[in-house]
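Asks: Once you've had a glance at the structure underneath, I'll fire off some questions.
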Amino acid sequence: MKPPFRQALGIIRQLKQHGYEAYFVGGAVRDLLIGRAIGDVDIATSARPEEVMAIFPKTIDVGSKHGTVVVVHEGTAYEVTTFRTDGDYEDYRRPESVTFVRSLEEDLKRRDFTMNAIAMDENGTVIDPFAGREAIARRLIRTVGKAEERFREDALRMMRAIRFVSQLGFSLAPETKRAVIDNAPLLAHISVERMTMEMEKLLAGPFAGEALSLLAETGLCAYLPGLVGKEEGVRRAAAYRWGWLTAREERWALLCRALDITESRPFLRAWKLPNKVMDETGAILSALEAVPHSDEWTNERLFLAGLKRALSVETVRAAYTGTPPDSSHDELRRRFAALPIKTKAELAVSGKEVIQWIGKPAGPWVKETLYAIWRAVVNGEVENEKERIHAWLTERNRTQGNGC
Ligand SMILES: Nc1ccn([C@@H]2O[C@H](COP(=O)(O)OP(=O)(O)OP(=O)(O)O)[C@@H](O)[C@H]2O)c(=O)n1
Ligand SMILES: [Mg+2]
């Protein structure tokens with residue numbers, strides 16, 4: 001058995017020794033069959049949460065009400081979930097209550113897509129009652145049973161379908177696609193946090209362009225934060241080189257750019273992104289506007305942006321112009337390496353010294369003077385050395401006659 005499964009075999013074996021059924025399920029089995037990197041290994045069992053907790057010495061009750069217990073086995077945490085069918089779905093979200101069942105097939109039946117409803121036992125034998133392997137072979141994302149029912153149970157599954165298009169390059173089965181179109185308004189019942197998690201995975205997938213086209217085509221877009229009436233921008237975004245981007249802030253910046261969003265803050269806030277992400281995305285967009293072409297970086301701009309952000313700016317620019325970022329990145333790295341100082345902390349003088357030299361009480365002028373000093377240093381007008389800077393400042397004040 002392949003590595004991430006092999007490490008978890010002990011859990012399955014112990015559950016079986018206690019007389020329960022236990023299988024590998026979900027995304028890990030799917031990814032194994034696709035031949036993709038395998039993420040978290042999840043286990044489904046006929047044992048009830050309290051029975052699971054009684055068997056294993058190290059468990060964490062992360063949601064036993066929903067059937068899930070984390071079992072820590074040889075230093076790794078695994079989600080072990082009791083076979084279940086979900087309770088009532090009146091509000092199109094995952095239910096508050098679940099009903100535990102004793103059969104694997106009942107459990108697989110309530111899952112979203114056939115490729116995600118495949119189980120594997122401890123010998124590597126696959127249990128696939130809904131033809132998930134056939135769907136994988138045909139590169140199709142198809143709901144288990146009636147699409148409409150699956151989407152009514154949890155409307156986020158419509159976003160998941162399109163997120164899987166982006167990650168796997170598969171297509172939506174025709175009836176599944178139809179149901180996304182028909183049920184798109186149900187997305188309004190889903191929390192922003194869940195939509196954001198899917199959107200970030202969607203934008204990071206190797207087939208993000210196809211997925212963005214589908215968001216527009218299916219009409220899901222109209223129920224996503226800040227995307228109402230922005231179908232055209234989303235279609236434009238679909239043509240960009242999302243695969244060149246490496247950071248989430250670059251992805252949000254590129255999306256803002258495609259949608260012609262001039263004020264990124266309210267848009268990013270609608271997605272409830274962390275402040276840090278909103279700040280960096282805003283900074284990338286401001287720098288992109290301040291430096292309209294990759295050969296227009298001044299030393300000052302480069303210094304202010306720092307190398308990391310400057311590279312991000314060029315990555316985003318590359319993604320929408322279609323010109324690979326390699327040469328602009330090389331140039332930025334060379335230019336940045338040549339800067340006499342890389343941060344303000346490297347300046348050879350402090351505000352205190354400036355106050356001493358000038359002999360005036362502290363005030364806003366200190367900051368302005370330091371600003372002038374680092375500009376002169378960054379532009380090579382004066383060496384970053386205390387006495388040289390003192391002399392430069394004295395001369396500057398003499399010629400400017402402004403006394404500071
Ligand atoms: N809305 C959802 C979310 C999950 N699932 C089921 O729960 C499994 C695990 O869910 P999750 O980890 O969220 O998704 P994965 O399919 O494992 O995808 P990823 O690789 O991104 O974790 C899925 O495979 C699917 O069987 C579902 O039926 N409906
Ligand atoms: Mg998973």
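Backbone N, Cα and C atoms are what each Cβ position is placed from, and that goes for glycine too.
All TrEMBL annotations are machine predictions without curation.
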Asks: For the ATP site that TrEMBL assigns to Gly27, Arg30, Asp154, Arg157, Arg160, Arg163, which of Arg6, Arg48, Arg111 is also named?
Replies: Arg111
Asks: For the domain 'CCA-adding enzyme C-terminal' (246-393), what's the model's average pLDDT?
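Replies: Averaging the confidence scores along the domain 'CCA-adding enzyme C-terminal' (246-393) gives 96.
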Asks: Scan Gly27, Asp40, Asp154, Arg160, Arg163 for binding-site residues whose C-beta lands under 6 Å from an atom of ligand 2 and note them, or write none.
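Replies: List returned for ligand 2: Gly27, Asp40.
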Asks: Taking DSSP as the reference, which of helix, strand or coil describes Asp42 (Mg(2+) binding site)?
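Replies: Where Asp42 (Mg(2+) binding site) sits, the three-state DSSP reduction gives strand.
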Asks: Of the binding-site residues Gly27, Arg111, Arg157, Arg163, which ones put their CB under 6 Å from ligand 1?
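Replies: Those binding-site residues that pass the cut-off, since their Cβ is under 6 Å from ligand 1, are Gly27, Arg111, Arg157.
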Asks: Let me know how many other Cβ atoms fall within 10 Å of the Cβ of Gly27 (ATP binding site).
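Replies: Excluding its own Cβ, Gly27 (ATP binding site) sees 16 Cβ atoms within 10 Å.
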Asks: Far apart in sequence but close in space: which same-chain residues, 6 or more away, have a Cβ under 8 Å from Arg163 (ATP binding site)?
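Replies: Listed in sequence order, they are Glu198, Met199, Lys201, Leu202, Gly205, Ala211.
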Asks: Under 8 Å between C-beta atoms and at least six apart in sequence, can you list the same-chain neighbours of Arg157 (ATP binding site), or say none if there are none?
Replies: Asp112, Phe113, Thr143, Arg150, Phe151
